[in-house]
Number of protein chains: 2
Amino acid sequence: MSVTDAVHVPVVGMAGGGQLARMTQQAAIALGVPLRVLAGDPAESAAQVVSDVRLGDDRSLPDLLAFAKGCDVVTFDHEHVPGAHIQAVEAAGVPCRPGPDALLNAQDKGVMRERLSALGVPCPAFARVPADDPAGFLTAFAREHGSPFVLKAARGGYDGKGVWVTGDVELAARLQAEGVDLLVEEKVPFRRELAALVARSPYGQGAAYPVVETVQEDGICVEVIAPAPGLSEERAAQAQSLALDVAERLGVTGLLAVELFETADGVLVNELAMRPHNSGHWTIDGSRTSQFEQHLRAVLDLPLGSTEPTAPYTVMANVLGGDDPDVFPRYFHVMAHDPGVKIHLYGKESRPGRKIGHVNVSGSDLADLRERARHAADFLRWGPAMEGKR
Amino acid sequence: MSVTDAVHVPVVGMAGGGQLARMTQQAAIALGVPLRVLAGDPAESAAQVVSDVRLGDDRSLPDLLAFAKGCDVVTFDHEHVPGAHIQAVEAAGVPCRPGPDALLNAQDKGVMRERLSALGVPCPAFARVPADDPAGFLTAFAREHGSPFVLKAARGGYDGKGVWVTGDVELAARLQAEGVDLLVEEKVPFRRELAALVARSPYGQGAAYPVVETVQEDGICVEVIAPAPGLSEERAAQAQSLALDVAERLGVTGLLAVELFETADGVLVNELAMRPHNSGHWTIDGSRTSQFEQHLRAVLDLPLGSTEPTAPYTVMANVLGGDDPDVFPRYFHVMAHDPGVKIHLYGKESRPGRKIGHVNVSGSDLADLRERARHAADFLRWGPAMEGKR
């Protein structure tokens, strides 16, 4: 056996070629861990920057099995790989992190709500909408929990898609006719939205990032403030404990992002994600360990990294596509205007309203940081035409 | 013209597939800038993590020209590309940064010494060693400047190679017989070694990082402390001004690392490098803008980024190869022992004494940071056998 044969560095496979896999590559480079990506197209965000790209459909079992062969562990850039396929990969001897049982809670909102409720985790009032007389059911639900209420597709929603805030009890039947499996939830009178990001390793170690405030517009996260300003230590600790507890009870391995509503009384769980999450992009520049490194450490069952922030505040603003897709020339103004802003673009074709990147700004003056992040994101979107756009 | 045709993101070509190109890829991913690497072998450090690798010999003009075609700018991971080849690439319409005239000062120590002396930049006493009676010449040099003195190969040295600290006036003739073009320099009675890292863009903007202390063992940098402890503001500013001045006077575009001797009276220039440099690896975790991002910004003529540190001190320790090349299993101890240590491994085969990575630790207690960085680097090198190795 040669010296080289004695050396094995584990290969991490990530199904999905989006920006989360792309940014995971930055962390994999530092750790010296080879990252293999399953992408549908060589032009996808991660496929542009990873040498070991396998082209295929991550919802096809043969493609997934072929991809997994030779990986030491498989993880995911999204929630769309069917659980039965993940079971097949594990049966073929390649561990998947998160595993299929845990991941189901991020794939199916009905399963998630029922599971969390059984665990005593605070959630909005909810119910599965029956196929039989949905209007009558919703009328009764609205009588008890108020109107408007929130209809959600159990599967496949993201960025505001698959969510309907409505008082129309007839809408459910129309969606069901299109094949959408629906939940109804009370519309929570929240003060603001928070997110608690934690990691959990197979060994059982947990690590929690500071709880952040997330700001949405039209269902899309536009801004994250880390840590959430004015959040009491007690409530922050409560949210972190809740997320660590959910991670343990669901058997999550890797990252878990818990999106929360903050109400007058405490916090309620809105959504779960088991992967690096938009609410954690601030960690690339604002934390000693980025969420992408943390996810790799967790899925490799390595000890987790410090979640200590590198500044009192970091503000992240998502960059959305504007009318003119030619973003690079706008770097000149943004960088000259603010040498401290950190730009992260995903190599995605710019289309109006599409998330194509984000910016981070770190420091101590929160109002200033928010203004700077907003300015950079708006200019990258619209250029000089930004004036009057907001 | 389609929308996509209207969008152009510049392609940066980097000649050389070592760890500097590898770490540049992390910064290129964030900026959404495609990085193309010219590597000799697909197993090279950068070739493992870049999708657009062109295989070839970066000292071959045809290979370099073929590589440069389609790049918007070409830069370098090392100093070994011949100046005439760089001129040919520029003649073919692709700008090279740094350009051949500037780069010559990092390629040829004789040229550098003569140029800096002409500019009035403080340097050690030096002379080119003549082919005719070198022993007599060195005897006279030693009489004036002391013995031992330092013989240096004008070209091709690195990490202590090509440098001989000696009092043997006969050595020069033996080296010259092997074809080595030699300089002699006084052995400077320095207190310590410093490095001043700056960037300069074609537009003429300059940016200076905090001046660091570098610690060498056997001619290899083993530790960098940022900023240099106890350095007066006045002397730090002097070193930064010197480096910015040299960058401007030599027409450097991209990064310039100026290695300095600190003496009782001030600073003297030891070496120049025109690329990301080992003395700047701390910036990945310790500065708002890493040296790799800064180099990309400079060669793309973008406004430069903030060089503000993210902590009072960052200590970098190089990781050298030990007897057992299987480094990954040692991550478990290092990460469990110290969740704050940042590991950067280069994907290079581990051989005893070879630089295979580095670690960074940031915080405020310098003695603690040095101990932590040293512990991590030693453990990654030797594992539990580290006790008694130092």
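Numbering starts at 1 and runs along the chain as displayed.
Including glycine, each Cβ sits where the backbone N, Cα and C put it.
Over in TrEMBL, the protein carries these features:
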BINDING   A:Lys109, A:Lys152, A:Glu185, A:Glu186, A:Lys187, A:Val188, A:Glu193, A:Asn270, A:Glu271  ATP binding site
DOMAIN    A:113-300  domain 'ATP-grasp'
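Features recorded in TrEMBL, as mapped to the structure shown.
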residue: A:Lys109; record: ATP binding site; Cβ within 10 Å: 26
residue: A:Glu185; record: ATP binding site; Cβ within 10 Å: 22
residue: A:Lys187; record: ATP binding site; Cβ within 10 Å: 17
residue: A:Glu193; record: ATP binding site; Cβ within 10 Å: 22
residue: A:Glu271; record: ATP binding site; Cβ within 10 Å: 18
> How far apart, in Å, are the two Cα atoms that lie farthest from each other among A:Lys109, A:Lys152, A:Glu185, A:Glu186, A:Lys187, A:Val188, A:Glu193, A:Asn270, A:Glu271, the residues recorded as binding ATP?
Replying inline: 18
> Where does A:Glu271 (ATP binding site) sit in the DSSP three-state scheme?
Replying inline: strand
> Taking DSSP three-state, what's A:Lys187 (ATP binding site) in: helix, strand or coil?
Replying inline: coil
> Can you tell me the three-state DSSP label for A:Lys109 (ATP binding site)?
Replying inline: helix
